[in-house]
Amino acid sequence: MPATETHTGLVRRARKVDRILAETYPDARCELDFENPFELLVVTVLSAQTTDRRVNAVRPTLFAAYPGPEAMAAAPREHLEQIIGPLGFFRAKTESLLKLSAALVERYDGHVPGRLDDLVTLPGVGRKTANVVLGNAFGVPGITVDTHFGRLVRRLGWTEETDPVKAEHAVGELFAKRDWTMLSHHLIWHGRRRCHAKKPACGACPLARLCPSYGEGPTDPVAAAALVKTQGPA
Ligand code: SF4
């Protein structure tokens, strides 16, 4: 890529990167299991500071016992703590689920609202969680700036913003809105499988020619291939 890239050049490069990632990760999707908006909201809150795999493991027990906001709001605290114990921070997470469920019952008649402005008023629900729910349970395009997304867009030279909301706006402006949700999945999958925080697998990266950070990790193909993870959730 040229040393001084025009905005049009940046848009073209960013969209090409997304096309390559779509071909590389055709199965990219939300790696949290869920069956309805409530489940996705809850598992996204639970996924803080732990892995999607651990959350997926406790999900069946959790929703078998408390399938909706009414049931969860009335759950005995000790039982909830016991179920989500393997996820860590179980006291704080239990408190979040109780407050969140109670707010859904009191303010939204037991339904998860489908608007960002409403979702972010719920206890424990930030912009990242709201965008995950909108994009994956309601089909409303949303950009999810998690740790992988933020790291990758900076490595790819799309933005230097470290503030998640500013990064969301800067990257959103490079893409058609309809592509936002899948773009988020593509980048997050790439971050989990190849473009790791430590030692990205540059020598085994399909974006090598389009990435200004190529060389941040090993460029030797054999060394890089050993760093590639073939499956998530990480
Ligand atoms: S070339 Fe390296 S730094 Fe750039 S996206 Fe690929 S793995 Fe990440």
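All positions are counted from 1 along the displayed chain.
Including glycine, each Cβ sits where the backbone N, Cα and C put it.
Going by TrEMBL, these are the annotated features:
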| type | residues | note |
| --- | --- | --- |
| BINDING | Cys195, Cys202, Cys205, Cys211 | [4Fe-4S] cluster binding site |
| DOMAIN | 46-193 | domain 'HhH-GPD' |
Additional residues around [4Fe-4S] cluster, ordered along the sequence, whose Cβ is within 8 Å of the centroid of Cys195, Cys202, Cys205, Cys211: Arg155, Arg194, Pro200, Ala201, Leu207, Ala208, Ser213, Tyr214, Glu216, Gly217
Tertiary neighbours of Cys205 ([4Fe-4S] cluster binding site) (same chain, Cβ under 8 Å, six or more apart): Arg194, Cys195, Cys211, Tyr214, Ala224
Cβ-Cβ distance under 8 Å to Cys202 ([4Fe-4S] cluster binding site), same chain, at least six residues away: Ala208, Cys211, Ser213, Tyr214, Gly215, Glu216, Gly217, Pro218, Thr219, Ala224
Tally of residues which DSSP labels helix, strand or coil - the domain 'HhH-GPD' (46-193): 100 helix, 0 strand, 48 coil
Among Cys195, Cys211, the one of these binding-site residues whose Cβ has the fewest neighbouring Cβ atoms within 10 Å: Cys211
Three-state secondary structure, which DSSP defines for Cys211 ([4Fe-4S] cluster binding site): coil
Assigned element (helix, strand, coil) containing Cys202 ([4Fe-4S] cluster binding site), judged by DSSP: helix
